[in-house]
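What TrEMBL records for 16-130 is domain 'Lactate/malate dehydrogenase N-terminal'. The NAD(+) binding site annotation in TrEMBL covers 20, 83, 107, 108, 109. As annotated by TrEMBL, substrate binding site applies to 70, 76, 109, 140. The domain 'Lactate/malate dehydrogenase C-terminal' annotation in TrEMBL covers 134-302. What TrEMBL records for 165 is active site, proton acceptor.
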């Protein structure tokens with residue numbers, strides 16, 4: 001997708017730096033061969049390496065998909081501890097070797113907290129340049145609404161994912177709209193089933209990743225890759241006028257969310273910068289959901305920082 005221009009546009013040449021662990025070096029080289037064989041006009045070079053310094057050298061955009069997955073019988077603290085050491089090492093390499101205004105997207109879970117660790121160990125990368133992926137959840141929410149209303153997904157806009165990329169995230173449609181033959185309508189009005197929107201819709205989006213693992217016996221691949229491209233494209237090239245997207249970003253205290261967390265907010269992007277959408281009304285139902293996911297993030301942060309010592 002990146003080599004085809006889906007992430008950065010059809011006119012932007014790219015050099016891909018791919019990093020993997022030593023046992024995967026041969027397979028990584030196979031991916032490099034395939035990229036060369038596909039003869040992508042925009043692909044101006046491929047670096048396939050197991051050396052984090054070589055991988056980070058002069059990069060403008062870093063998509064961090066590597067992390068340690070939780071395995072059966074593992075406590076959250078064990079997973080956190082392994083990811084802290086991974087992100088500490090990668091953050092230090094980005095800090096020393098990436099381009100000065102490098103944009104970072106963390107995909108590997110726990111994504112919000114991994115991004116926070118990365119920020120901690122890459123202090124010269126501006127906080128606004130470190131984000132995590134909640135666009136997959138955002139796209140999932142739009143997909144569920146489009147299926148329910150039997151409309152094209154491009155007719156649905158301005159859903160919001162608040163909080164953590166976990167099962168506490170809050171998919172919110174209170175400000176979302178759908179384009180119908182009779183013009184634009186609020187999603188709540190079009191769906192006309194508050195019970196579904198406040199229960200099944202939310203849990204379906206929250207647990208969609210687990211449902212895909214159950215069906216495929218593997219975690220989300222295509223949808224995660226596609227939404228990572230969407231996240232970077234909108235961040236770099238801008239969001240369409242009147243449209244916002246969800247991104248995990250460093251909280252500035254907006255909507256009463258504590259500063260110092262990486263939390264998913266509705267944002268608009270222009271000229272390579274994101275801005276949190278301000279002034280949206282938050283009802284009591286939403287407030288409780290937004291606070292619950294913020295609490296989980298605060299707990300994760302405490303856990304992660306205890307692994308630093």
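Note that Cβ sites are derived from N, Cα and C of the backbone, with glycine treated the same way.
TrEMBL annotations: computationally assigned, not manually curated.
Note: the Cα of residue 140 (substrate binding site) and the Cα of residue 20 (NAD(+) binding site) are spaced 28 Å from each other.
Taken as a whole, the domain 'Lactate/malate dehydrogenase C-terminal' (134-302) shows an average pLDDT of 97 in this prediction. Taking each Cβ in turn and tallying the other Cβ atoms within 10 Å, the top scorer among the recorded positions 70, 76, 140, 165 is 165. Its Cβ taken as reference, residue 83 (NAD(+) binding site) is surrounded by 24 other Cβ atoms within 10 Å in the chains shown. Largest Cα-Cα distance over the residues recorded as binding substrate, namely 70, 76, 109, 140, equals 25 Å. Residues listed for NAD(+), 20, 83, 107, 108, 109, cover a largest CA to CA span of 17 Å. Residue 76 (substrate binding site) and residue 109 (NAD(+) binding site) have their C-alpha atoms 11 Å apart, to the nearest angstrom.
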